[in-house]
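Everything on this sheet refers to the single structure shown next.
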Amino acid sequence: MDMVVEAGIIKQHLIDPEICIRCNTCEATCPVNAITHDDNNYVVRADVCNGCMACISPCPTGSIDNWRTMPLVRAYTIEEQLTWEELPAELSPEELEAAGVSGASAEAAEAPAQTQAQAAAEATEPVFNSAQYGASVPPWSAAHAYTNLFPPKTPTTATVVGNFNCTEAGFDSETHHIVLDFGVVPFPVLEGQSIGIVPPGVDAIGKRHHARQYSVASPRNGERPGYNNVSLTVKRVTEDHEGDPVRGVCSNYVCDLKVGDTVQVVGPFGSSFLMPNHPKSHIVMICTGTGSAPMRAMTEWRRRLRKSGKFEGGKLMLFFGARTQQELPYFGPLQSLPKDFIDINFAFSRTAGQPKRYVQDLMRERAADLAALLKDGASHFYVCGLKSMEEGVVLALCDVAKEAGLDWDTVGAALKREGRLHLETY
Amino acid sequence: MSTINYSEKIPNNVNLGEDRTLQRALEGWQPNFINWWDDVGPEGSTNHDVYLRTAVSVDPQGWAQFGHVKMRDYRWGIFLNPGDANREVHFGDHKGEKVWQDVPGEHRANLRRIIVTQGDTEPASVEQQRHLGLTAPSMYDLRNLFQINVEEGRHLWAMVYLLQKHFGRDGREEADALLQRTSGDANNPRILGAFNEKTPDWLAFFMFTYFTDRDGKFQLAALAESAFDPLARTTKFMLTEEAHHMFVGESGVSRVIARTAQVMNELKTDDAQKIRAAGCIDLGTIQRYLNFHYSVTIDLFGADQSSNAAIFYSSGLKGRYEEGKRDDDHVLKGQTYKVLEVRDGQLVEKDVPMLNALNEVLRDDFIKDSVSGVGRWNKVLEKAGIPTRLVVPHKAFNRQIGALAGIKMSPEGRVVSEVEWAAKRDEWLPSSEDFAFVASLMGRVIEPGKFAGWIAPPVMGINRQPVDFEYVRFG
């Protein structure tokens, strides 16, 4: 499974001017006033729309349910939209790439909108839309992130200086820990950011492969502190979402790299899924599989800070899910971390003879501790892993809040507004 | 969330159970409503399960719930949008005062009149459309017709609730009278002319829902500004339902045009007779239907100069379309507006006091909105490479109300003689031959996913269902 992290792209909400009848229902129902109109068109403000989908089912025409993957900086303005007579086509992969968006991240951006639309369509009850709580701003104390230093048109080169299997060998879901060194080329990254790797060669139709994005698994001062290097957590893709055999183009390339090989790298990407620097801030990390990469990066940075005496008691809590213990990346190293440093909770969904347990089940078991953290404005929540976990995790947080007598609407909105709940699923 | 109580005989979100007298009064009116529905509601539809949209709450997630329901079991309820305790009157002489939760005595007669007139239009369209179910061009269209019918029925309820809650015995009598009048009845017709016109075929139905339901949008939008808060909240919610009605009209005509354009291209002809022979409605007929429905509908806005309109505005009963978005003083005293009149055989503009011209202001807002929709129909022709364009006729064409009533005028706005009018009438308005031709196309098509030959399928289904979804299950 390739790790995908947002890179300044959005799924922009648009209204089809050819189908819209200008009835004003969407503008009247939008809870955040994202919709406006002139004599010609009804349009959505990209910087205001939060994808809450409140406008979708009341629209009598279906014209409102249109989404386009766009680099944030190139999002269609309302002035542009007001002049439209028809919807513009999706940007081509080449146009997206030229704007610094790789195919993998574009697909990832697509997922939330589709899932939300489906959920809204199928709902008979009011829809719980987990994505609406995800923050688009970093925590206030996060360090400044550099992005797009090497866009897809001008990648840089890194040298492989390590490649280790970080799951138990022999399992299908083999996951590798790769270390890349940039030598003297500036490549500053923060925990939670990602980089893109361009696999060599061309695809089936003879086009150059686009970059695949992977979260950085090392802290800001490098896998080897003081050197200009980063590590990645890459799972070898051997089957697709339906379970049919497929060979992941980039994941297999990366997993098979040898020390001394060079790779083409783009990035770094991501400016909101960043950790707080405030020494009393708490971090709750919820992940599955290679979603552990940013969690490892944050944990390791905190561990180094603590070792150097620069940290003052912010709590770390980890909920980590996998099918089996053998498939858990970093299982061994995690076990050796002191209990008073990090509170680790493992969920295994396929352990023989054991009931299936998912991260949200563990979260409900730890409701008392999570409730205390939800009440504390210094707490930050990070969710990274498979898309299917996202709703369950946010619902669990919502239930924990409600059981503790908190108003989730208030708490959820604050988490989003203050950059304290980050969702990164694929 | 403002949830609607469906356990009560009359679903509502207005705590009806706490007002026993009102509850009894409405429950007494309800059997008469059902009788009216059985008598003049959609013909031959009693056992159909229709994929209807029903509101379970008035917030975005709740008011568009879809499921198969028998129309007689549709929960015609009383739903008000959530109120705002601090809402103030924002136009007229009472500007800045708190809005009214009860009817002020001095405005009682006018408010009742406004509500009765609005209420009268709602069942009228059900009556006008009664027979259309038997000639639907598709199951999808049949469902849309039924959706409109049940919602018009609900809108009647909305007005009846206001009458019975706020207008005592007078209100109850007016509510009863709403069920006694019938569209087109020579002895006891509906109050407004357009609602006594026949809707003889589906092209007329689409034109009606495009133009006349758009009149509904503008009237409801003006009432949604009202200082009488229950009226404002009720009409706000009605507007959300009205949108679907306009959609049926706009997309319906658009699909007729698309099909005609397709056949014109296939046959490489613009000859009306050849197009008719191919089972499609020629663009000339569509233009004549448009001329008729447009001119009848703009009469609904009333006289171009009206002291009632001034009183309704100044006393805060009825605002302008999007009153809150306008940046004038919202009192309008001393301002003027241009209206048309005929002088020496020529149309001329003259300035009249703005307050007296508010019907004209609303009519002009409607015209602007209608014209842009016609522009969207023309896009269909443009895309198909057909040079013909549809146009709305002149504002003074075929008017029966106001200073322009009875003036003979060409669609382009030229004053014409009685003789010329008589000679050209059938070029400008649908003739009996047009009606007969369109009627000849009206055969019933109700197999899922199939469409009559004179109309194109829609671009997408209702509630994102497939176009061949079983929208109506015939019992």
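The backbone N, Cα and C atoms fix where each Cβ goes, glycine too.
For the ranges A:99-123, A:174-198, the feature annotated in TrEMBL as region 'Disordered' maps to A:99-123. Cross-referencing A:LYS235, A:LYS280, A:LYS307, A:LYS402 against the NADP(+) binding annotation in TrEMBL, which names A:SER215, A:THR290, A:SER349, A:ARG350, A:LYS356, A:GLY385, A:LEU386, A:GLU424, picks out A:LYS235. By a simple count of nearby Cβ atoms, those within 10 Å, the most crowded of the binding-site residues A:SER215, A:THR290 is A:SER215. Fewest other C-beta atoms within 10 angstroms, among the binding-site residues A:ARG350, A:GLY385, A:GLU424, are seen around A:ARG350.
For the NADP(+) site, whose binding residues are given in the record as A:SER215, A:LYS235, A:THR290, A:SER349, A:ARG350, A:LYS356, A:GLY385, A:LEU386, A:GLU424, the maximum C-alpha distance rounds to 28 Å. Reduced to three states, the DSSP call for A:SER215 (NADP(+) binding site) is strand.
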